[in-house]
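Listed in TrEMBL:
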ACT_SITE  47  active site, proton acceptor
BINDING   144  substrate binding site
BINDING   174  heme b binding site
BINDING   175, 221, 224, 229  Ca(2+) 2 binding site
DISULFID  16-96  disulfide bond
DISULFID  49-54  disulfide bond
DISULFID  102-297  disulfide bond
DISULFID  181-206  disulfide bond
DOMAIN    6-301  domain 'Plant heme peroxidase family profile'
SITE      43  site 'Transition state stabilizer'
């Protein structure tokens with residue numbers, strides 16, 4: 001919305017000049033411990049932004065009388081990284097008490113995760129404030145599932161003001177991270193648009209029968225699962241996308257040409273990814289006197 005005009009890359013330059021140098025080392029040590037964590041933080045940011053904008057709503061834990069987003073379908077048992085965000089928040093609170101929002105911490109941590117794993121760098125726009133509420137219903141409705149068709153992906157992103165090109169570029173985040181068997185079982189057993197040897201490789205850890213091996217993990221990028229690069233698109237051209245929704249981007253449809261261009265040019269992928277991340281970060285932020293600066297990211301003040 002128009003309030004994104006209030007976000008600026010130098011928002012904390014006088015109120016918390018050490019914000020970036022405080023966030024990055026905490027994240028670096030978390031990613032050094034577990035390479036997958038960078039992907040988890042990036043996904044947290046995406047799932048935050050798609051529900052009432054980038055407002056830290058996903059970080060709010062359920063309480064006895066409040067049902068937030070963490071147990072909604074797209075998040076339940078699969079969103080992770082909350083402890084890392086808490087650690088970062090503690091460090092930032094020590095440096096500048098009561099100044100930096102959890103929503104902004106998540107935006108910076110998403111960028112830092114990409115950079116730490118070898119991806120492009122960009123200046124993050126800041127000045128978001130934290131929501132005092134969250135929505136399980138919108139999480140269920142707004143976040144596209146791994147079973148999505150291409151038209152569903154396009155429309156879910158369009159609903160957030162993101163173009164088809166933004167969607168294809170942001171999908172490249174699947175160059176890192178892992179998915180559970182429940183998310184790719186349908187694709188490896190039922191779909192025709194998949195390389196046979198790749199399907200059988202993934203079937204080894206993901207039995208056809210539901211309830212068996214459901215939480216077993218496989219990398220979203222077959223080739224370099226912990227490096228941020230353009231191999232995700234090369235996999236799609238070889239029919240080695242892990243999720244049904246991944247392979248939909250290259251399946252004789254409107255986005256085939258974009259996938260081809262990103263597979264041929266890491267530079268054009270990087271630059272479109274950065275533009276799309278900045279655009280996603282602009283989705284209806286709370287600014288000015290709206291929302292609050294949470295002391296603890298998992299609960300309202």
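For all residues, glycine too, the Cβ spot is worked out from N, Cα and C.
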Cβ within 8 Å of the mean position of the Cβ atoms of 175, 221, 224, 229: remaining residues of the chain near Ca(2+) 2: 176, 223, 225, 227, 228, 230, 231, 232
Among 16, 49, 96, 102, the one of these disulfide-bonded residues whose Cβ has the fewest neighbouring Cβ atoms within 10 Å: 96
Euclidean distance between Cα atoms of residue 54 (disulfide bond) and residue 47 (active site, proton acceptor), Å: 9
Spatial separation of residue 102 (disulfide bond) from residue 16 (disulfide bond) - C-alpha basis, Å: 14
Inter-residue C-alpha distance, residue 224 (Ca(2+) 2 binding site) and residue 181 (disulfide bond) (nearest angstrom): 19
Candidate recorded positions 43, 54, 181, 206, 221, pick with smallest Cα gap to the residue listed as 'heme b binding site': 221
Nearest-integer angstrom distance between the alpha carbons (Cα) of residue 43 (site 'Transition state stabilizer') and residue 96 (disulfide bond): 26
Distance, residue 49 (disulfide bond) to the residue listed as 'substrate binding site' (CA atoms, angstrom): 13
